[in-house]
Amino acid sequence: MPRLEHSPDRHNNPPLQHKFRSLWLRVKDLPYDALHRYHRLGRKGKASIWILATINLLILAAVIIITPARIGQWFNSLAISIKGMGWKGVVLCNIFAILSSHPPLFGFVPTLTLIGFVYGIWPGFLIAGIASMLGAGIAFLSVRSFFLGLFKKNDKWEAFGHVMRAKGLPLVIMIRFCPVPWGVSNGLFASIESVKFWHFMLANLTIQPKLLLVVFIGSRLTSLASDSTAHDPVRFWLNLISIIVSACISIATGVIIYRLTLQQMRKLDQTGTGLGDGELAAEALEENALLGDYDSGSGEDEAEFLTASNHRDREGNGNGLKVGGGAGIIRRNSSQDTAGGADLV
């Protein structure tokens with residue numbers, strides 16, 4: 001009897017099924033992972049989440065009560081007023097962008113959306129580009145010159161600085177593409193002394209195409225808010241679809257580059273040059289612990305941190321310090337980092 005041959009598709013199906021199963025398990029665990037990350041936040045981080053949630057609910061309630069049509073009419077009248085101011089309107093938009101670029105202020109993305117809403121794609125993109133460069137540069141210099149002492153520093157912060165020094169400009173550009181609030185990222189880069197000003201400004205120049213999407217969305221909102229959409233439903237749906245696609249592209253780009261950034265950070269430890277700094281820096285970026293929220297964590301975290309600090313003080317110039325409980329990461333102390341700084345360049 002002839003021997004039956006198995007179809008090659010049967011050998012390829014299990015890996016494909018395994019991928020779908022792992023993807024389903026990852027999606028299924030998203031609520032638990034989000035809850036776990038929430039519990040790991042400090043008091044400031046939890047308060048920030050509740051404040052943002054309350055603000056979003058209030059905005060949603062206001063939109064429902066006022067109705068989108070009346071809001072669109074108000075924005076149309078505002079856009080006409082700003083555009084009628086001439087160069088003064090351009091200066092006003094730049095002032096809004098500069099102020100919202102300073103941490104902990106927010107509103108940079110709405111400012112760029114407003115610029116697109118008022119001026120369209122062109123000259124809106126030119127105005128938004130100049131405003132973003134001015135806002136980021138002034139925020140960087142002001143934070144580094146006057147407000148650097150307001151930022152709390154910890155081991156993860158120092159590790160982040162070491163990784164930035166080791167990777168240089170490419171990592172600065174990648175982090176700039178990550179979905180981190182504009183003002184927060186400006187303060188982050190300004191507080192790390194290894195980040196040079198011209199590196200920071202060059203990174204801002206490379207993300208201008210991403211900002212173009214925000215201006216484009218603002219320009220499409222003008223069409224949605226106009227009265228002509230009632231007479232031309234095809235134009236309405238095309239504009240709405242273009243807004244959704246642009247937002248998805250922006251979010252997907254940020255998430256992909258964010259994951260690539262974490263991989264680049266952890267590669268330092270895999271090659272043996274990071275000595276634990278890459279993992280610590282990746283955790284700092286993942287947990288958004290760079291602005292001091294990590295210091296206000298639970299009592300167990302604080303006790304663990306104090307115990308590790310006392311142990312380091314007793315050892316003096318010891319070889320390493322284990323950070324993060326069971327993480328098993330060995331990293332150099334600050335005195336060794338200063339002495340061996342040439343190895344990171």
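Cβ atoms here come from the backbone N, Cα and C positions, even for glycine.
Predicted automatically and left uncurated, TrEMBL annotations should be read as such.
Over in TrEMBL, the protein carries these features:
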| type | residues | note |
| --- | --- | --- |
| TRANSMEM | 47-66 | transmembrane segment |
| TRANSMEM | 78-98 | transmembrane segment |
| TRANSMEM | 105-122 | transmembrane segment |
| DOMAIN | 110-219 | domain 'VTT' |
| TRANSMEM | 128-151 | transmembrane segment |
| TRANSMEM | 171-192 | transmembrane segment |
| TRANSMEM | 236-258 | transmembrane segment |
| REGION | 308-345 | region 'Disordered' |
| COMPBIAS | 317-328 | compositional bias 'Gly residues' |
* By a Cβ-Cβ criterion of under 8 Å, what residues six or more beyond either terminus of the transmembrane segment (78-98) are in contact with it? -> 107-108, 111-112, 114-115, 117-119, 127-128, 130-132, 134-135, 138-139, 222
* In this predicted model, what is the average pLDDT of the domain 'VTT' (110-219)? -> 83
* To do: Six or more residues out from either end of the transmembrane segment (128-151), which same-chain residues have a Cβ under 8 Å from its Cβ atoms?
  => 93-94, 96-103, 108, 111-112, 115-116, 157, 182-183, 186-187, 189-191, 197, 200-201, 204-205, 208, 211-212, 214-215, 291-292
* DSSP helix/strand/coil residue counts for the domain 'VTT' (110-219) -> 90 helix, 0 strand, 20 coil
